[in-house]
Amino acid sequence: MDWMFFGEISLAGLAMGGLYALIALGFVIIYKATRVINFAIGEIMMFAAYLFLAFAGGMEMSAWIALPLAVLGGSILGGVIEKTMIRPMLGESPISVVMVTIGIASILVGLVEFIWTADPQLLPSFLPREPVFIGDLYLAPKIAYGFLIGAAVLIVYLLYFRFSRGGVALRATASDQAAAYSMGINVRRVFNMAWVFGSLAASLAGVLVAATGGLSPQFGIIGLSVLVVVIVGGLDSILGALIAGVFIGWLETVAGAYFGGEYRMPATFLVLAVILVIRPYGLFGTHEIERV
Amino acid sequence: MRIGDAKQTYEADEAIWTTSTQKFWFGLFLLFLLVFPFMADSYLLYLGCLVGIAVISTTGLNILTGFTGLISLGQAGFMGVGAYTVAWLSVNTGLPFPVTLLLAGFMAAAVGILVGLPSLRVKGLYLAIATLAAGVFLHFIFAEWESVTGGMGGLSLEPAHLFGWSFQSDFMMYFVIVPLAVLMVLAAANVFRTRIGRAFIAIRDRDISAEILGIDLLRYKLMSFALSSFYAGIAGGLFAYFYRVVTPESFPLSMSIFYLAAVIVGGMGNLLGGILGAAFMTLVPEALKLLTSALTPFYPNAPVFMSPMLEIIFGALIVGFLIFEPHGLAEIWHRIRRFFHLWPFRN
C-alpha cells in the first residue's frame, strides 16, 4: 500500500469533511430549533453558489465582495422559505413537512435552470493557488483554503451558540418549546433565525464546494451526503455533525479514490444503514422515548 | 339529494360500493376504459398506458405510506427490481409474460421485506432515509452487476408474448396494463376490508396502541412492505414490457419522489386519491409539453424553458397541495360529489 497516496487522499477527504461538517451544522441548527428535516439544503447551497457566480462572474465584482453577498442571499432565501412555506406547515406531520422541503428543492432547481441554464459552470477562482504542503503531503489549494474558511466560520458558530443571547434562545427552544415561550423567548423569531443561520452556513459551504468541484443544477445531490452525515451523527447533535461530517467526507473521498467514483455513495450509505440498525438515533443524538 | 343513507349491517358498511349510483358510474367508467383504445390516437394510448403503470405503483406506495404510515423513498428501486426480473427472465428463459410479471412481483416483495426489516426499529423519517439507502444500493446493483443487469447499458427485451400473440403495440399493451391496474386497485380496496388492512390502518394511527391491541407490528409492517413492493414490482415489470429497455437510469431517486408526490397530491390513505394523483402527475408534464409546442411558433425559446418550468411546477404542486389542500385531489373530488348530493342545499 502506498502510504503517501493514502495520506494525501485522506487529507483531501478530511478537508472536504470539514465542509460537510459546516453544512451539517446548518442542517442541525434548523432541525434542533424547528424539527424540520431540510431536504432542500443542497439546493440552498446551490442557489448561493449561483448567486456568487452571478456577482463575481456576471457583474465582475471582486470575489471578496461577491462571497458575502452570495451568502447573504442564501440566508435571506432560507428566511423567506421559512416564513412563506414552512410556517404554514406548523403542527403537520413530519412527512408532510419533509415533502414541502422536497418540493422547494425542485422549485429551486427549476429556477436555477431557468436563470442560468442547465449547463455546468465554473466559478471564477478566488482562492490562492500556491500548492499547500502539510509535511510531505500535497493538498489542493482550493480544498485547503476552503477548509480553513469553513473551519473559521464553524468556530464562530459554536462560540455564538454557546455564549450569545440568540444562541441561548435557540438552545432553550430546542430543549423545551413551551418553557421557552413562557420565559419570554420569541419562538417564532428563533425559528426564522434558525433557518437564516442554517442557510448561511450552507450557503458559505455551497460557494466553497462549488469553487473546488464546479457547479450545475445537479449540485444539490450533495444534500444526500449531508443527510448521511446528520443521521450518522445524530439529527440534533452539533458535536455529532462535526465528527460525522469529517468522517463521512474522508470515507467518501477514500472510497472514491480506491474503488472509483461509483462507490462513493454506496460506501457512505452502507455506514448509514449500519448506524440505523445498531443506533437508530445516531452516534450522539438524543434517544426519544415515546409514550402513547 | 340523497338521504337516509343509514347502514344496518356490517356488510353494508364495509361494501366498496354503497349505492347503486356508484355501481352505475363505475360500470360506465369500465365501459369507457374498454372503448377508449378503439377511439384514441396513438399518443392518447401511450398516455393511457403510462397512467395505468403509474396507478399500480402509486396504489402500492399508498398501501405502505398512506395506509400503514411507513414513508418510503425506495419505490423506484422496487420497480427496478421488478423491471430487471422481467427483463432477465424474458432474455434468458422466454417464459410467457403472466409468469414473468408474477415473478417480478414476488421478487420485488422479497426485496421489500428485506428493506422493511429495520422498520420495527426505526420509524418515521429515519425509515424514509433507510429506504432511501435501499434505493441507492439497488441502483448501485443495477449499474454494477453486469453479468445479470447488463451494467449501464441495461437490458433490452422482446415484446411480451402469450398464445402466439405479441404485445408489441401500445394498443396491445393497453389491454395488459389497464385491466391489471383495475384489478390491482380493486384488490387493494378489498385488503382494507380484512383484518390485515385494518391492522395496517391501526399501525398508521398509532403503532404503540396497535401493538397493545394485539397486532404483531413486525409481521404486519413487513406484510405492508411486501404488498407495496409487489405492486411496485408488477408496475416495474409492465414498465419493462412497455419500453422494452431497462437501464439503471430508468429508476432514479426522482422517480421515488414522483410517486410519493403522486400519493400526496392525490390524497394519502385514499385509494381514489392514489388514482387521481397518479393520473394528474403523469398528465401535467404532458400538458406542459402540449402548451410548449403550441407556444413555440410565437416564442421560439419556449422548448428551452420547458424542463425548468416542469421542475418548478412539480415542486409548486407538492408545496401548494400540502399547504392549501392537505387531503389532496380526493378531497376536491368529495367536495364536488357532496355538492351534487346535497343540491339544492348548501353543503
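Just so it is clear, glycine is given a Cβ too, placed from its N, Cα and C backbone atoms.
It should be emphasised that the depicted structure is a prediction, and the values quoted were computed from it without experimental measurement.
Feature list (source: TrEMBL):
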TRANSMEM  A:12-31  transmembrane segment
TRANSMEM  A:36-55  transmembrane segment
TRANSMEM  A:61-81  transmembrane segment
TRANSMEM  A:93-118  transmembrane segment
TRANSMEM  A:138-161  transmembrane segment
TRANSMEM  A:193-215  transmembrane segment
TRANSMEM  A:221-251  transmembrane segment
TRANSMEM  A:263-282  transmembrane segment
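Annotation: stretch A:12-31 has the most Cβ pairs under 8 Å to the transmembrane segment (A:138-161), among A:12-31, A:61-81, A:221-251. Contact count against the transmembrane segment (A:193-215) (Cβ pairs under 8 Å) is highest for A:61-81, out of A:61-81, A:221-251, A:263-282. If you look at the transmembrane segment (A:12-31) against the transmembrane segment (A:263-282), you find fewer than three C-beta pairs under 8 angstroms, all six or more positions apart, and that falls short of contact.
Counting residues 6+ beyond its ends, the transmembrane segment (A:93-118) has Cβ neighbours under 8 Å at 35-40, 42-44, 46-47, 50, 53-54, 81, 85-86, 216-217, 220, 223 in the same chain.
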